[in-house]
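What follows is a short report on a single structure.
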Amino acid sequence: MSEPKSPTPTPGDTYKGWLFKWTNYIKGYQRRWFVLSNGLLSYYRTQAEMGHTCRGTINLATANIAVEDSCNFVISNGGAQTYHLKASSEVERQRWITALELAKAKAVHMQADGSSRNMEVQSTLRTLGCKVEDLCTCNDLITKHGTALQRSLSELEGLSIQGPMGDKIKQVTERATLFRITSNAMINACRDFLGLAQTHSKRWQKALQAERDQRVRLEETLEQLAKQHNHLERAFRGATVLPSSFTLWSSGSSDSGKGDASDEDDENEFFDAMEDPSSLTSNPESPQSLELEPVRQRRTRVPDKPNYSLNLWSIMKNCIGKELSKIPMPVNFNEPLSMLQRLSEDLEYYELLDKAAKCQSSLEQLCYVAAFTVSSYSTTVHRTGKPFNPLLGETYELDRLKECGYRSLCEQVSHHPPAAAHHAVSDRGWTLRQEISLASKFRGKYLSIMPLGSIQCLFEKSNNHYSWKKVTTTVHNIIVGKLWIDQSGEIDVVNHQTGDRCHLKFAPYSYFSRDVARKVTGVVTDKDGKAHFVLSGTWDEKMEFSRVMQSSKGENGTEGKQRTVYQTLKSKEIWKKNPLPEGADTMYYFSCLALTLNELEEGVAPTDSRQRPDQRLMEAGRWDEANAEKQRLEEKQRTVRRERAAAAEAEGAQHIDNYEALWFKKIDDPVSGESLHVYKGGYWDAKEEGSWDMCPDIF
């Protein structure tokens, strides 16, 4: 929208006009009416707002003005206020820069004049104090010499001298008496003046300091008025209250690269109105919380890991090239969790999916989903213990509906190859499902674990359907040295609804690499391949993302491929790893969530991993008993499998092992085109009724 050209500003003018101000990553630059007056730059949504609603003000006396390009410039006061502005043309930008620089110079000059006046007052007070001290000294001298003179004259008067000399002495004595009276009067006046000067000097200093403090407070109050008025305006309109777990994604937050959040809140309502509890159904398959119940206090410790020495190489030296699931391993190398529980640990940072569900932009949503995929590896950095292989039909539920708004169910749906299905649903509007089968090889020096299958995330509001796979996990120093874990490979997180894609690269560790260890990079592109966001960080610490403003081809990389150079805005943290609990090094390096996963709970299925006896014995530190119980369970599973195969063969079945999962069914997903087990329902109904007759006896 074109605007009439503004005249070239002159010193002392009030300058007004339209500029585009950066608000946030979703809205971008928005048109605002700016007013420059008396050294203050203020802005409004429209010209009509000038009489009642100022959206923000910045004092130019302490501001820094920087030109970015032909139309863009930035004004910052070095604190929380930063305005990224764009003019309609280079000429218009220069007019504003000129006006701003003139106003800043004038404001600085006025501030300097104020400081000069303050210095002048202080100098006058110091001079006055010196003069008062001089008067005190003169007062003392007059008193001293006047007393001596009076004494001398009294002595002369006492002498018996006749004639003219006597008359002269008498005259001098009278004059000296008059001088003494006058001097005493002056001394008393000086003493009164001295007292008044000392009293008022302190009052003047206090008054001056009070005026200075009041001016600072008024400036701060002026800057806050716009924010307070805007919040009151939104409250009057009955705006929805943000949930405590939701942080508004705005470039105006304190750690953001652009803008300030004083006035843009009502343009960033990415949340939905809270649903009326009376409208919620009572279907147990739909997670909800109708009653306020006290949240359960979960445990914060597990028994310390016993210090048993065992030579791993003595067990694995004959297993080179074999599948890990076929290697008989004692519990000494395990951690007291099953693979199903480790799979549930992917929900450690469920808040990322909560935030993704609130995004209006699919590209922004993809950033949060990508960060969620990376976060699932953060718990593995020190976890060198092997999880228990689940028995066929083993399940694990993780019900965090009251605390976190989600609950999930895992089931071991196949034994050869071992495969687990996972289904999690949240009342925040997302569903996560995955089927993971592990292929692993022992290579002598290291152990490679290649997860097969896919993970899918569905969002109810937008119908966006994402899928991705996991990278390879490598356990190093099997033969000698301290075990350590690395993640390497590439992931494509695909939105099948829009065609958006995030390509993530997990860089393998290299002793000769200059890059930071455990580095992850990613690029979010739309269906046409245009980059919109880049992500960077490490899978064991944090991830950041930034919006792409421009991309260009750079120099050739190490493999001869031409690199793409992205010009981005300042990066923002999207995920950060939670600190480990105190004493984690003696508790298998479990996170706070992992510490609670094997805690006994009432009402779970008899096939739940919490009920597994060898795992419970191992957690209690009774490893010899746990090894014996592990062998019993594995032999029982083999016996059941032989009986099932014999029954199938007797019936003439084509497939010897015709096992079917209890809570999941296998489908061909029409969206992703993949074959996987999905939750078919019934588990939470059975738990509600306390009816587990359909569950097999696996323990």
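Even glycines carry a Cβ here, placed using N, Cα and C.
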From 244-273, 274-303, which range did TrEMBL mark with region 'Disordered'?
274-303
Of the ranges 561-591, 592-622, 623-653, which one does TrEMBL list as coiled coil?
623-653
Using a Cβ-Cβ cut-off of under 8 Å, list the residues of the same chain that are 6+ residues beyond the ends of the compositional bias 'Basic and acidic residues' (293-303) and lie near it.
336, 402-403, 581, 583, 587-588, 590, 592, 595-596, 598-599, 619-621
Count up the helix, strand and coil residues in the compositional bias 'Basic and acidic residues' (293-303) according to DSSP, in that order.
0 helix, 0 strand, 11 coil
For the domain 'PH' (12-105), give the DSSP counts of helix residues, strand residues and coil residues.
24 helix, 43 strand, 27 coil
